[in-house]
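Chemist: Got a structure for you, questions after.
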Amino acid sequence: MATETSGGFLDSVYRRRVGEPTTHDEVRGYWVFLTGLVLGTLGIILFLPSASAVGSSGFTLREASLFVSAVGLAMLVAGPIIRLPLQPWANYAAYLGQAVCFAAAVWFVTIFPSGWSVQTGSQPVIVLYAAGLAIITFVGLIAPLVVGVTREDLEASEGRAAELESELASVREERDQLESELEASREETEAGTAAQADIQATLDSLYESQARFELYEDAGEQWRWRLRHRNGNVIADGSQGYTRKHNAQKGMQSVRRNVLGATTLLFERETDLPEADEEFEPVEERESEATVEIYEDNAGETRWRLVHANGNVIGDGSEGYASRSNAERAVDRVREYVGPADYLWFDPTGFEVYRDAADEWRWRLVHRNGNVLADGGEGYSRRNDANRAVARIRERVDELEFEVYDDNAGETRWRLLSSNGEILADGGEGYSSRDEAHEAVERVREYAPDADVLDIGRATFEIYEDAGGEHRWRLRHRNGNIMMDSGQGYSDRSGARDGIESVKRNAPTAETDA
């Protein structure tokens, strides 16, 4: 087939003056024809004033006119042939015919006028020129009938090519969709694996207890129970006696059944407590006054928020997700964790002891503004080991050595070393100057001795004060990830606490918008 069109000066002129070509050979044939027409006309014009060349020597005007006319005639015949949408070999044959005619014209120049007969001319030159014209004529008349391509064939071929391109685009779209689905499936698998690991860690933690239930008969011959830690402290007791041992055992079993999933509510004063015999409706059985809205933000990420019936946003997902299904899974986790989640209040700092994603126990020193002042450089296989590390920091922070150094990235960091060079803690971040690092060390020295130790369960509500002096809350998973935050600040701590209680009441049974 003829070659496709391409950019160029001749192409641009053709498009502006003639029309849009379908092939480059169409443009080339047009210019060959036009050149032949000009040369033929020029040859005739030169012939008119020329005199007979008989007896002349050298290159004469008549000789030039005949040469130009012969070349122009060949191009005039070949141009329309080249414009046709023929097979490549047909175009090459047309060029060959022109070359043969040009060779005959050059031969004519070499023998004219001395070797040229006025009556018969030169038979070899005439035969050669005629052969060139015959080749061009054969291509123009015979080739389209034998192996040529009609305009309908060309359009049909272009139509098939367009169909193939459309199919290729469809295949690429399907491929991209499959890649997106594969990525979403991979994310779902990873999320499922993480959730399974979290569930397994939770199940394992259920069997890790440092306490025991003790059942006994008191001096008044009533049966009682208490939950006592290994260090001797009484963690809980039944608060009442039972006339029969069996009833006391049933009381213990009720505690075992209900304590793990029990909702946690904070009351500032004893006078705010409901009466002991006052019934309450579990959040799982209450009708929620809020709705989970899932939406797409300006960055194209899927997010969610908990919106009360009055229009207020009472909770906000802390991050964006690649798909709606991932956001829905995050909402399901929040529904599961908000009820039992405890309250943490840093006044002004506290040590958090938590279990990370690798199922190791770690600690961090957190300020009430939410900043992490220090964290342990390693994980521990047991919670007690992490607690002992915290106790060591609290008791000996003034005796231990703080080292301020520059890391490979050119940032200044600090770390806390034991007497044998073991790293006990570090700042977790780099500083732009040594003065900032020393200030961070002084903050740790100041706050660590009096900071409370806060044991994080599966998830915990943290109430903190931001840089603007407003109180906020966030729901932090024990692996450190922020699952949800208040989305707004409160003027006082009680406002943040009320916000948490609203989430605890409404999130577990909140419906997700369509």
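Count begins at 1; order follows the chain as displayed.
Placed from the backbone N, Cα and C atoms, the Cβ positions cover glycine too.
Straight out of TrEMBL:
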COMPBIAS  173-189  compositional bias 'Basic and acidic residues'
COMPBIAS  494-504  compositional bias 'Basic and acidic residues'
DOMAIN    10-149  domain 'Cell division protein A N-terminal'
DOMAIN    218-264  domain 'DUF1508'
DOMAIN    297-337  domain 'DUF1508'
DOMAIN    356-397  domain 'DUF1508'
DOMAIN    407-455  domain 'DUF1508'
DOMAIN    466-512  domain 'DUF1508'
REGION    173-194  region 'Disordered'
REGION    485-514  region 'Disordered'
TRANSMEM  30-54  transmembrane segment
TRANSMEM  66-86  transmembrane segment
TRANSMEM  92-113  transmembrane segment
TRANSMEM  125-147  transmembrane segment
Chemist: Name the range, of those listed as 10-149, 218-264, 297-337, 356-397, 407-455, that has the largest tally of Cβ pairs under 8 Å with the domain 'DUF1508' (466-512).
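Modeler: Comparing 10-149, 218-264, 297-337, 356-397, 407-455 against the domain 'DUF1508' (466-512), the winner is 297-337.
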Chemist: Is the domain 'DUF1508' (356-397) packed against any residues at least 6 beyond its ends, judged by a Cβ distance under 8 Å, and which are they?
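Modeler: For the domain 'DUF1508' (356-397), the far contacts come to 194, 197, 201, 204, 208, 210, 345-350, 415-416, 423-428, 440, 443-445, 447-449, 451, 453, 455, 462, 464-467, 472, 474, 478-480.
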Chemist: The domain 'DUF1508' (297-337): which same-chain residues, six or more beyond its ends, come within Cβ distance under 8 Å?
Modeler: 183-184, 187-188, 191, 195, 289-291, 458-459, 474-475, 477, 482-488, 499, 502-503, 506-510, 512
Chemist: Give, as a single whole number between 0 and 100, the mean pLDDT over the domain 'DUF1508' (356-397).
Modeler: 83
